[in-house]
Amino acid sequence: MSDSQQSVEVLNQLLARLSVATPDNRDEVATEVSSFVNGNIIEHDAPEHFFNGLAKAIKDKKSAVNALAAVSHVASTSGLAPSVEPYVVALVPAILEQTGSKDKDVQSAANAALHAVVTAVNPVAVKAVLPHLTKSLSETNKWQEKVAVLSAISALVDQAKSQISLRMTELIPVLSEAMWDTKKEVKNAATATMTKATETVENKDIERFIPKLIECIANPSEVPETVHLLGATTFVAEVTPATLSIMTPLLSRGLAERETPIKRKSAVIIDNMCKLVEDPQIVAPFLNKLLPGLKNNFSVIADPEAREVTLRGLKTLRRVGAVGEGDVLPEISHAGDPATTLGVLDSLLKTENIAKKFRPAVEYISCIGGDLIDERIIDQQTWFTHVLPYMTIFLHQNQAKEILDEFRKRAVDNIPEPPKFDDEEEEGEDLCNCEFSLAYGAKILLNRTQLRLKRGRRYGLCGPNGSGKSTLMRAIANGQVDGFPSQEECRTVYVEHDIDGTHAETSVLDFVFQGDVGTKEAISAKLKEFGFDDEMIVMPIAALSGGWKMKLALARAVLKNADILLLDEPTNHLDTVNVAWLTNYLITCGITSIVVSHDSGFLDNICQYIIHYEGLKLRKYKGNLSALVERVPSAKSYYELGASDLEFRFPEPGYLEGVKTKQKAIVKVSNMTFQYPGTSKPQISDVSFQCSLSSRIAVIGPNGAGKSTLINVLTGELLPTTGEVYTHENIRIAYIKQHAFAHIESHLDKTPSEYIQWRFQTGEDRETMDRANRQINEDDAQAMNKIFKIDGTPRRIAGIHSRRKFKNSYEYECSFLLGENIGMKSERWVPMMSVDNAWLPRGEVIESHGKMVAEVDMKEALASGQFRPLTRKEIEEHCAMLGLDAELVSHSRIRGLSGGQKVKLVLAAGTWQRPHLIVLDEPTNYLDRDSLGALSKALKEFEGGVIIITHSAEFTKDLTEEVWAVRDGLMTPSGHNWVSGQGSGPRLEKKEDEEDKFDAMGNKISSGTKKTKLSSAELRKKKKERMKKKKELGDAYVSDDDADF
């Protein structure tokens, strides 16, 4: 085929036949056109004349349908020749114009032709097609044309997914504008296309939020909630332009929200994401949308802390984006722009005298070259594959290769080199060798760090609490770490802290069997290796103690034949026997393991390498924890409790009336037995003990011995089956459960500040309202029917309302029901008037109405001025005493906190009411070495009593003096100093608080200053001065002295 006279005649005939073709022979003629045009081309010729005529025919109403049919056939995916492709793409604007035609036949043919073109072009030539589509979408007023364009973009995503991902920066704005179109059809099509386009955002961290992000574009009212959701997201995958292009609309709107917390959270996310970006060109296209919002917020936000956070985000964005002085935005790189590559190509072709008719092919090549540059494809062979067929349209093969290679070299000179790994000199099979970044919502944890793991090695993962140890382990298990092998290549099993409560009634055997890890016989055999007997294998999981539950989770993980075992605090809830068994198993099993543990002895015994968090990198050290301390002295706090500079403080407990020394018992239990309903024997039997403000008690014993049950009875969570439990009327007990997260698991979408406000908003601790010692049961209801003889009338107590001092005890104001016809069928009890209320001594009332008395005691204690104002500042200051900064307390949802941070929150909330007795069940779980040392110091200095259940002898050896050994339901105390009265020691005096006091409604209580009583000599002197002054002034004298009246 050539542009010779003969070819021109053939093309003219085909065009003429096409213009007069009928619907019956249209396809036949169009097929002939396609065959001729796509046929073998004579070297250095192009069908320019034909396509110019075809463009005119498309615009002609009479021949448009036939011409568009010809385009559809020419652009068939099986037959489009490289020599024709540039000229077909040049027809796209004319085709787009006809998609909005009022003639339905023309419109239908144009839609078909457009779809044929976008699905037939070379994927790397997307820069030649997409600008036509986005320009039409932005400029046209025809809704049918917009719908056609949106459909074409969706088809282009399927055709060139990776190439479209690089164009998301320019695509998202025009699609967003189409989503706001007033025409319903356009709006729906735009939403569908946006959803399709976001399939190119291959970022596992945000892919589940993409529907929400799209919804935010159409419905701005969803922005605040989505900002909160993203605040608790772990960013692990590389942050690409495609990721930023879908995030920027949300963040720019978040910065413009009215609520300061949303503005603040948006600034934090911007700060966090920018830290993961090393190339300024990645953020450059988004600076004009994010920078002004941050600058404006910094100047108008009133909250100083929020302004500081905004400034931090602003500084990071300026630094990463290479923003110049005076906030001059940097120039965006144009290395991949078709205009730039066209300039390079034109300079190389200047001496070749390329005919004008080949100009479409030259421009097409520049678009392909621009895309290859954007994709960072620099190898010669790929360029030859994608570009050479188009260059041979106007050059000989050898000449085309020579010029193309020079074009490639000149065009890719500014592409940065990819990152290189520093290979370790270490023998053995690699299971993983990758570089990645890790963030958790608003906090950057790791940035472009390397992780290399060998088969059969045992690694300890060490770092401060909140540094991201558990987050990294979970990200590995969920396949969210870039470059980490998939589960098919390398089976990785994550052992959870605890087994999900939904399996409570599932038997041990069935729970493991559900994991598809083998036959029940094989599972039973393996469970027995872990210490389970036949009876335990069939019992429900709920019946297992915490230690056995952890062993079950470990057994299940081992049965999955893991290549890598991820163990997060595996010694939690395990006694020393089970820890020794686990140590031996990990050393002998030959499975690669990564262990996070706060048990320094355990890490010393099992680790061959320590992976240590240093800055935002992971660094590997050969040896165990002791070896790490020798090389990194700052890691000493992981090894020795108390070596850290971190400090905790517990609030000073309030004054207890009648307690003159720290030795006096404030809790006393006598001959107490407890048995769960339906069990064959008591869990604890015949236990007696007492606690005082000076108590420092360690409760020890094997798993399942009854330690937690004993404490539950002491704190009122359970009622004893037999025996007596006395607690001081005004005592406040802080109880942190073994599974500390139970306190907060239903409040994960609150901030820590909001949780504390919810918990104490009534003045009482809402977490304790459902305790057994506050619930009225049948026995209580029966006892409350007791009849009192008052003023000669039979009465029952209807309510207890207040309390006052009475001798060495108290008496209570009671309202009554008056009995009539007692013992008869017509017996009834009539409410009496408030004027008939009477005061009864505590001893008389407590026998039958003990729980009602306890309620009044609690309210009186709160009304005595020991209530704290639930302000943000007060809560932040209290939480700071337990190592939580204001950022986490007021601006991060509980769901986004690390395990250690959640435990600190539980400690802070539990001690909010300034308790007299702190009860900790397994406090070493989930806290890092720094926090454990700080907790140990704080408990030593605490002015109240402390009871600790723990398996960690290291934690309690310097802290506790008294030991309660629990075994088989029996408790044996040692080291105790129980006294029957006040005991010896310094006398306690009631302190007048220097701080402001508040009542239960938050009102400030102003306590008047007591006047000092004057002596008789001072009174005489004062009287003389007064009389002298009166004599001098006469009638003008006015006294303000009380003594004159």
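The count begins at 1 with the first shown residue.
Glycine too: its Cβ is placed from the backbone N, Cα and C atoms.
What Swiss-Prot says about this one:
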{"type": "BINDING", "residues": "Ile42, His44, Ser83, Thr392, His396, Asn703, Glu922, Asn925, His951", "note": "ADP binding site"}
{"type": "DOMAIN", "residues": "426-641", "note": "domain 'ABC transporter 1'"}
{"type": "REGION", "residues": "975-1045", "note": "region 'Disordered'"}
{"type": "REPEAT", "residues": "171-209", "note": "repeat 'HEAT 4'"}
{"type": "REPEAT", "residues": "205-241", "note": "repeat 'HEAT 5'"}
{"type": "REPEAT", "residues": "242-279", "note": "repeat 'HEAT 6'"}
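Feature map: annotations from Swiss-Prot on the structure.
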| residue | record | CB count, 10 Å |
| --- | --- | --- |
| Ser83 | ADP binding site | 24 |
| His396 | ADP binding site | 12 |
| Glu922 | ADP binding site | 22 |
| His951 | ADP binding site | 25 |
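The average pLDDT for the repeat 'HEAT 6' (242-279) in the predicted structure is 85. Helix, strand and coil content of the repeat 'HEAT 4' (171-209), in residues and according to DSSP, is 29 helix, 0 strand, 10 coil.
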